[in-house]
Amino acid sequence: MARVHDMGGRTRYFGPLPPIDPDEPVFHEVWEARTFALALLANRVSGANLHAFRHAIERVPEEEYLSGYYQRWLASAELLLLDSGILAPGAVEARARRLQGEEVGEPPVPEPHKPGMPSGGPGNLRTVEAAPAFAVGDPVTARADEPAPHTRLPGYARGRTGTVVALRPAQVFPDTAAQFTGENPQHVYEVRFDARELWGADAEPGSVTVDLYESYLERAR
């Protein structure tokens with residue numbers, strides 16, 4: 001997961017974050033509000049879910065990803081509609097050219113097909129019968145395996161050792177839900193990592209706490 005969206009601890013893209021402006025508007029322009037609504041609608045009509053939407057954002061080309069927050073949402077909505085067959089390849093580009101006055105044909109509307117994974121219920125919280133594998137105070141190491149196409153395990157934490165500080169309710173597993181291969185709910189743990197463990201001996205004092213799914217973790221050796 002070394003793509004642009006997994007930028008924790010990197011300075012290549014944005015550098016230090018600026019102070020938050022408490023008066024910043026939610027939408028700077030009208031098209032951003034429309035994009036927000038369109039993305040929610042695209043997620044629903046395409047049969048996708050939160051994790052599939054996040055995975056779509058991860059698949060956005062780097063130049064689009066870096067062109068603004070709602071530009072990412074717009075590109076992701078288009079991907080979801082393409083994946084589900086609601087939009088034909090090239091349909092958006094053809095429509096844009098027609099709106100600019102060009103005489104171009106538009107591809108025919110394809111036969112829509114939604115993913116076949118049934119929903120286990122609203123939201124992401126689920127019940128897991130198995131007892132949690134880890135307890136508060138346990139030292140754990142985040143697995144360094146090659147990640148799935150979509151994962152919530154950030155690259156900077158892979159292979160690093162921390163301590164479980166809290167147990168969270170079991171939730172739908174994003175790695176499989178994003179691929180429509182099942183909900184596979186798991187226990188979730190709040191794991192605290194020393195900053196030096198993540199960033200090296202020169203890191204500022206402090207810690208980083210990450211919510212991690214059970215299969216991301218193994219007992220520290």
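Glycine residues also receive a Cβ, built from the backbone N, Cα and C atoms like all the rest.
Because TrEMBL annotations are produced automatically, they should be read as predictions rather than curated entries.
For reference, TrEMBL has these:
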DOMAIN    1-106  domain 'Nitrile hydratase beta subunit-like N-terminal'
DOMAIN    126-218  domain 'Nitrile hydratase beta subunit'
REGION    99-120  region 'Disordered'
(message) Can you give me the average pLDDT across the domain 'Nitrile hydratase beta subunit-like N-terminal' (1-106), rounded to a whole number?
(response) 88
(request) Provide the three-state DSSP residue tally for the domain 'Nitrile hydratase beta subunit' (126-218): helix first, then strand, then coil. (result) 15 helix, 33 strand, 45 coil
(request) By DSSP assignment, list the helix, strand and coil residue numbers for the domain 'Nitrile hydratase beta subunit-like N-terminal' (1-106), in that order. (result) 53 helix, 0 strand, 53 coil
